[in-house]
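Each remark here refers to the structure printed beneath this line.
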């Protein structure tokens, strides 16, 4: 007779099989390629650490991801706060507006930004027509455009965990604080804000980790000038057929992301930050 | 009232069509333990939150020592507050919670430390200063909430059903403690509850609210013994009701026809002769006698044994079913179902009620 445990394993088996065949196995292969192509050993990793371009790419990636995270958390906090606490009646509509971008492909949203930010895009044309500028401003193919578009894509990932957290906070706490002599702002700072930090942490972590490996938006808005790691890997493999170096960098990115999570785990309860989103 | 610390004048609060507070006037004396008592929806919590500053009155004023505070935000009013469900800040320790009102008032660190200790001592929680609120039991959280509300030495403490989440025995213990604390500190307490026992056991004065109006205010004994309306008579304890026809006025009393029997009812100002008035009669004032004696004849219909007391429903021909509460230790007749009995009561047991 089967125990309950084996029956549950059997239920999970199809999904597990797909993961192993199409995800874990290729991943292992990538590790293998990075150690064997073109020659056995750590040659690719040595090359990687010596390459100025790779280092620059990593620095750009972390900088863009950090900037995106900070902006997303700030804007998302205000957004989540308003939806949860201020505008009660319009809440379903506002939540729908936060979720709406999820239903539009990232590719389409990125092209939309190009239409807006290009040399003769809507923004530049409009400002020139009004007479605010003489020559078109450079709004994309730089970090400004990349971060702007990434914030747009990542914002829901910041808003949703923070909103879930804020919904669980009883209004009674801030009322109590005010009843005991705290001004509105002091009550927010000393009583409300500390209770929302777990939500902030999980939102920030989610955005940061997703941003580290982001490809489409930086590739389109960066126009090859803001070379983030995932795009750099694509170049190595597609353009230069340099599988060895490409896979080595991808392993490095994976390790870097894992390190971020390990460091974060010291400060944040990862379990509640990433898994439980009630 | 000259020694009123708080005065509420003509307080009106409307939510759409309903009046949560319907032209309420109330003075709170310095140092008194005042309880706002009423069922849910009576306006007692609205009145407290209006005093605290969380509810903006539609009309009327709240003043403290003569100064109008109606439009002040809660933090400027300087009342201590104990909330239903305590609302201890989950990210702060017990000590930080108690020190919070001092910290936001800019009190120095050393003084905060001393006062926190003093206040926690007051509620016997000094050993728990470094715990988090989530590690405390309900009763302990309640004590901390009390210490927090008192730490900045407010002149008035507002308590919103602070004991309602606790079990019965703990609630009784804390009632004694609250009462003792009130006497020790001399702070004015305004206490909201729907529990009449709580109100009776602690208050100097009870204000009974219903439908946003004050039904009656007075000390517990007066309210219990001389209820003015049927609502008060039935909300504070239980009462039997009957219609009495006033036949003649006597000195300090009235001769009445109560269900066909001629009785005298004590009253300083009885209703006019010839009118019919409603009277209330407390179940514990009714004395059970053997059948055949003088009094109202009846038959025991139901018995409910409550330990120290037994409650009976006695079916009478003239006054309908009457609730009787009788000490179980009392000798004499042993009531059982269908036993014929005679009911009597003292002439001061019945109370004339106003039309509600």
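Quick reminder: no glycine exception, Cβ is built from N, Cα and C everywhere.
Residues or ranges marked as domain 'ABC transmembrane type-1' by TrEMBL: A:58-264.
Annotation comment: TrEMBL describes A:9-33 (among others) as transmembrane segment. Cβ atoms under 8 Å from those of the transmembrane segment (A:9-33) belong to residues 243-244, 247, 250-251 of the same chain, restricted to positions at least 6 beyond its ends.
Residues annotated as transmembrane segment in TrEMBL: A:53-81 (among others).
The transmembrane segment annotation in TrEMBL covers A:93-116 (among others).
As annotated by TrEMBL, transmembrane segment applies to A:144-164 (among others).
If you look up TrEMBL, you'll see A:199-221 (among others) marked as transmembrane segment.
The annotation transmembrane segment is assigned in TrEMBL to A:241-268 (among others).
Here the transmembrane segment (A:93-116) has long-range neighbours at 79, 82-83, 87, 122-123, 139-140, 145, 148-149, 152-153, 155-156, 159-160, 163, 216-217, 220-221, meaning same-chain residues at least 6 beyond its ends whose C-beta is under 8 angstroms from one of its own.
When Cβ-Cβ distances below 8 Å are used as the criterion, the transmembrane segment (A:199-221) is approached by residues 61-62, 64-66, 68-69, 72-73, 76-77, 80, 106-107, 109-111, 113-114, 117, 140-141, 145-146, 148-150, 153-154, 157-166, 228-231, 234, 253, 256-257, 260-261, 264, 267-268, 270, 272-274 of the same chain, each at least six residues removed from its ends.
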